Each structure stands twice: as structure tokens, then as C-alpha cells.
Amino acid sequence: MIEYFIAKKYLKAKHKINFVKILSIISIAGISIGVAALIIVLSVFNGFGSIVTNILVSFDPHIKIISNDKNLNDDDFKFIINELKNFNDINSVKKIAEAKALFINDKTYEVVNLIGSETFYEKNDFTLKSKIISGKFDLSENKIILGLALALRLGVRVGDEISVTSAYNIEKTITNFTLPQTRKFIVSGIFESDNRDYDVGYAFTSLNDAQKLFGLKNEFNAFEIRLNNYSVSENIKNDLKKRIPDKYLIQTWYDLHKELYNVMLIERWSAYIILCLIIAVATFNIFASLTMTVIEKKRDIGILRSLGLNEKSIKKIFLTNGLMSGLLGTLIGLMLGLFVCYLQIHYKLYPLDPMKYIIDAIPIEIRVTDIIAISFMAIILSSLAAYFPAKRASRINIIESIKYE
């Protein structure tokens, strides 16, 4: 333990070269700032990531099954339903017919994703029902449910009639040289989600009406499955893959938004790398301060060697010195970063306008894995910065160092 006490003494000692002390303080401050910034930035990324995930899984299916080569039919329905009986985590199963449709009201036109659904099995999944803000959840014949933003664009309200046509009908019009065919729907309900893209880009009707509009007869596009816990989606997907043929493509909620999550991951890693550079620059100051300390303490090193300390112990003294600087900077940075996160969580230091955003403050989510990774990285960089000065100190010649001064 003598190495620890000597290293501690050197860390606190007054230096003949004043710049050594300044460099040491700068290195600790730099590491602290870098660690604190990483804690705060990654916690913000985690917060936004969780909000995005909650929005997506509250509206989208947790698992979607489609056919690789054609639409699905009654035979596919019987087979898939029979396989799904083996899973206890399933909350609801729906047959879906989805395609682009042209919505017309007076002189207003909007291209929208129209989804026709028929629920085969449902425990307590009220995904769309819970988001109805006007009218009611009614998908009976010729009834349609619109998003609030879409309803405002089209200028319709509950009870109004709206004309809808599809690519299938437009193609028939062109090939048969007939007047454009449209179907009349009555707006039975208006929903509002936490995602404007859904509110302006999606509408819902019955599976039967959608099949007629899209010319699908008795076919449909996909099965949409919601689970009791979306976190097991990947496990369910892997188990299903073992049970059903390759002609079926199984996608989880994550697969449906993989590009979005890839962008978020790139942004997260970019921020992590940039902020790590701040810590790396700070550790260069550890290298510089320890190098100067080795020069300044050359005579002390010679005396310690003559008293019996070997090269390994001398090396350990300066490695410990650098490690202590890194640990001190890391601890200060952790406390500072966690303190700022605490203030944001409880006192909302950086509020957001709830009229413009779905949240009232920048979200924070602290993860233990981030704290461990950041601390480990800072300590490793500090140790690497201390290695070469420590190695140089261990190789100082005893006789020459004692003659020094």
C-alpha cells in the first residue's frame, strides 16, 4: 500500500513547477465536464427514445405477419390462428387490409393510409378506442374514423359524409373509360394520438368495406398482433419463425421503424464519441502533468529505488497517481451530471411548450448501464494517459537521479 500513500502525497503536494498543479486541476475539471455532459446527453437521448417507443407501441401492432408473395386468405387465417394459440402473451389479433386511398370533400383532396380491420381475438386492447375524442368507435358498414388533423384538413366532423376512392378504382376507371367510382363513408369518430403523422395520415374502416374499396374480395394484407408486454415481441417473433413457413414475413414494432431507430442510434453514438473526445483531451493533461512530475521528482524516485522499491512499485506509484486524478474527475462528473438530471426531472429546468410538443419538459431517463460505461471509459483513458510517464519513471537510473540536483 506504500505506492498508494506516495501517489496520494504527490497528488496533493506543492510543486516547484506551478504549471504542474494547474495541469492537474485542468485534467480533473476536463474529465468532470466530459463525464457530466455524457450523463446528461445520454439521459436525454434515453428519455426521448422512451417517449418515441411508447408512442409507437401504443398505436402500432407489436407483431405484424404478411405474406412474401401474395395477399393472405382464409387458409392462411386458419393456419396462423391455430399457431397463435400456443402463445399466452397475445392480447389481440386482427385481420388487416391496408392501402393508399384518396379522400375527397368538396374541393379538398388528401391521400391517406386507409386501414380496414376485423378483430378476431381481443382481451382488453382498446388502442384506437381510447384515442377517440369525438363521436364513437364504430366500424360498421360505410363508417370511417379519421385522425383529428386529417378531419381539420378535409373540413369534416362526426356525422359528415366523405367520398373515398382507391388506386384499384382509378385503374378500373382508366381501363374501362368510365366515370371515377367512389364510395361514400360517414365519419363515425375522430381520434387524436400523440403522433401527428398518424393523425393526418391514417383512417380506419371495417375490413369488409376496405376489401370492396381495394378490390381484394375475401383477401387481406396482414395479421396485426398486440401483446400484453411489447418487450417480448422479439422472443415471440423468433418462436413463430420456427413454427410457420418462410413464405410469411414476421415483423416486430421495432422492425417496422428500424430506420428511425438506426438514425437515433447513430445520433447517440455520435454524441457519445464527440463527448468522449473531451475526456480524451482532458487525459492528455494527466499525461503532461505526470511527465513533469516525473522530471520534478527524479531525485525522490532515485531515493525510493535505493531504499528497495523496485521498478514495478515506482511504476505503480505514478499509475495510481493518474488513476486517482481520473477517479476524482469521474466522481465529480457523475455527481454533477446526476444532480442536473435530478433537477430536470423534479423541477423542469428546461421546459417545453405543451401547446407545441406532447411533453412539457425535456425528458430524462438515467440508466445504470450508461453510468457504468461512462465511468469505465473515463478511468481507462486516465490509466492509459498515466501509463507512459509511469513507465518512464520506473526506468530512471538510480545513480543519475540521486546526483540530480
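Using the three backbone atoms N, Cα and C, a Cβ is placed for every residue, glycine included.
On a predicted model such as this, the values are computed, not experimentally measured, just so you know.
Counting residues 6+ beyond its ends, the transmembrane segment (20-45) has Cβ neighbours under 8 Å at 11, 14, 264, 267-268, 271-272, 275-276, 278-279, 281-286, 288-289, 292-293, 296, 325-326, 328-330, 332-334, 336-338, 340-341, 362-367, 370-371, 374-375, 378, 382 in the same chain. The feature transmembrane segment is assigned by TrEMBL to 20-45 (among others).
As annotated by TrEMBL, domain 'MacB-like periplasmic core' applies to 24-241.
Annotated transmembrane segment per TrEMBL: 269-296 (among others), in sequence order.
TrEMBL lists 273-398 with the feature domain 'ABC3 transporter permease C-terminal'.
Annotation comment: TrEMBL describes 317-345 (among others) as transmembrane segment.
As annotated by TrEMBL, transmembrane segment applies to 371-390 (among others). Remote same-chain residues near the transmembrane segment (371-390) are listed as 31, 34-35, 38-39, 42, 276, 279-280, 283-284, 286-287, 290-291, 293-294, 314-319, 321-323, 325-327, 329-330, 333-334 (criterion: CB distance under 8 Å, separation of at least six residues from the stretch ends).
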Find the average pLDDT over the domain 'MacB-like periplasmic core' (24-241) in the predicted model and report it.
86
